[in-house]
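*Asks:* According to TrEMBL, the record shows the following:
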type: ACT_SITE; residues: 128; note: active site, proton acceptor
type: BINDING; residues: 130, 181, 182, 237, 282, 283; note: Ca(2+) binding site
type: DISULFID; residues: 63-366; note: disulfide bond
type: CARBOHYD; residues: 283; note: N-linked glycosylation site
type: CARBOHYD; residues: 337; note: N-linked glycosylation site
type: TRANSMEM; residues: 21-43; note: transmembrane segment
C-alpha cells in the first residue's frame, strides 16, 4: 500500500495540466477584455477629439495677421504670449513669455509688451489663461495662470496705466489647483479657475484623459476660502462671467459643451443648462455690450497634438447669442483650414473689432 502522502499527491499531479490550461484561458480572456477596453477607449478619444472633422472656410473681409508673436489670450486687448505646454507644438521662441496689450480704440492697433516689476521670476514665466478685475476705485488687477517649469500658479498683478507696466502682488498656489487652465476674476484677490485635469503628473493626466474619467472641476479661490464649486467635467477649459455677474460659463473642451452655472452669494455654483456643440470649445469671451459669448474653437483636436505642417490644425470662431434662452443662436463667424490661422483658441470682440488668438501661431485682427 502506498504511503498516504503518495496517495494524496497523485490526484494533484494528474489535475495540474488542466489547471494550467484553465489559467491560460483566464489570462487570454483577461487580455482580450483589456485590449477590447483599450480599443473602445481609443475610438472614444478619437470621437472626443473630432479626429475626422474638416471645416469649410468662412472668411471675413477686413482682416490682417499680427505677425511675429505666438499668442494665447482670452480677454479683449490684453493677452499673453509664448505658452509652452507638454504635447503641444510651439512656434514661440525659446525665451520667457510675456503680457501684451492692444488698444482697440486706435485706428491701427498694435501689440505692446507690458513691463513687469522687478522681483518677479520672468525667466520661468509661462502664461496661460488671463483675466482682469476693476475695483471700485478703478484699480485694474490682472490675473494670470502661470506654468513655471510646467507647475501651476496664479499670478496677481496691478496694472500701472501711466507706466504701461505690471506690479506683481501675489503668487497663488494651492492643492485644489493642480492643473489650472483658465481663470475669471471676481475680486482683487478672488477668482474662479478651471482644472482641466484632476492630476498634475503628465502621465496620470494622459491616463485620466484616455479613460475619460470626468474628474476635472471648477474651484473658487479667495484669501479666506478655497473650494470646489463644480465638478464632473471631461476637461474644463475656458471660463468667464456674464456682464451682470450672475452666471459663470465653462467650456468643456473634449465634451464639446458650454455649461451655464448660476453664481450664488456664497460663491457656490449651480448648473442651469448645457449647450452642446460640434467642435472643441476652448476659451470664452463676453461682449460686454450684448452679453454674447465668442468662442475660439478647434474643429479637429487631433491635429493639435499630432502636428503636421502639411495638414495643420484648423480654426473656428463661434458667436452664441441668448445662451439663457430655450434655443440660443449659434453662428460660425470665421473658419479656416489652417492655411491662414492655426489652432484658434479665443476670439474677443470690442466695438466692432474682432481679435482671434491661437495656441501657438499668429493672431488675426478683423473689422466686423
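Glycine residues also receive a Cβ, built from the backbone N, Cα and C atoms like all the rest.
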*Asks:* Among 181, 337, all listed as recorded positions, which has the most CB atoms within 10 Å of its CB?
*Replies:* 181
*Asks:* Can you tell which of the recorded positions 130, 181, 182, 366 lies nearest to residue 337 (N-linked glycosylation site) in space, using Cα positions?
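*Replies:* In terms of Cα distance, residue 337 (N-linked glycosylation site) lies closest to 366.
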*Asks:* Using the structure shown, find which entry in 63, 130, 366 (the recorded positions) has the sparsest Cβ neighbourhood within 10 Å.
*Replies:* 63
*Asks:* Want to know which recorded positions, from 63, 128, 366, are within 10 Å of residue 182 (Ca(2+) binding site) at Cα; which are they?
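*Replies:* Passing the 10 Å Cα cut: 128.
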*Asks:* Would you mind reading off the Cα separation of residue 63 (disulfide bond) from residue 283 (Ca(2+) binding site), to the nearest angstrom?
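*Replies:* Rounded to a whole number, the Cα-Cα distance is 21 Å.
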*Asks:* Mind checking which of 237, 283 has the fewest other CB atoms within 10 A of its CB? They're the binding-site residues.
*Replies:* 237
*Asks:* Output, ordered by sequence, the same-chain residues six or more apart from residue 282 (Ca(2+) binding site) with a CB under 8 Å from its CB, or 'none'.
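*Replies:* When sequence neighbours closer than 6 are ignored, residue 282 (Ca(2+) binding site) has 237, 238, 251, 253, 295, 296, 297, 298, 344, 345, 346 within Cβ distance under 8 Å.
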*Asks:* Including all protein chains shown, what's the count of other C-beta atoms within 10 A of the C-beta of residue 128 (active site, proton acceptor)?
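*Replies:* I get 21 for this one.
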*Asks:* So which recorded positions out of 181, 283, 366 end up within 10 angstroms of the residue listed as 'active site, proton acceptor', measuring C-alpha to C-alpha?
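*Replies:* Correct set: 181.
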*Asks:* Report, in whole Å, the straight Cα-to-Cα distance of residue 283 (Ca(2+) binding site) from residue 366 (disulfide bond).
*Replies:* 18
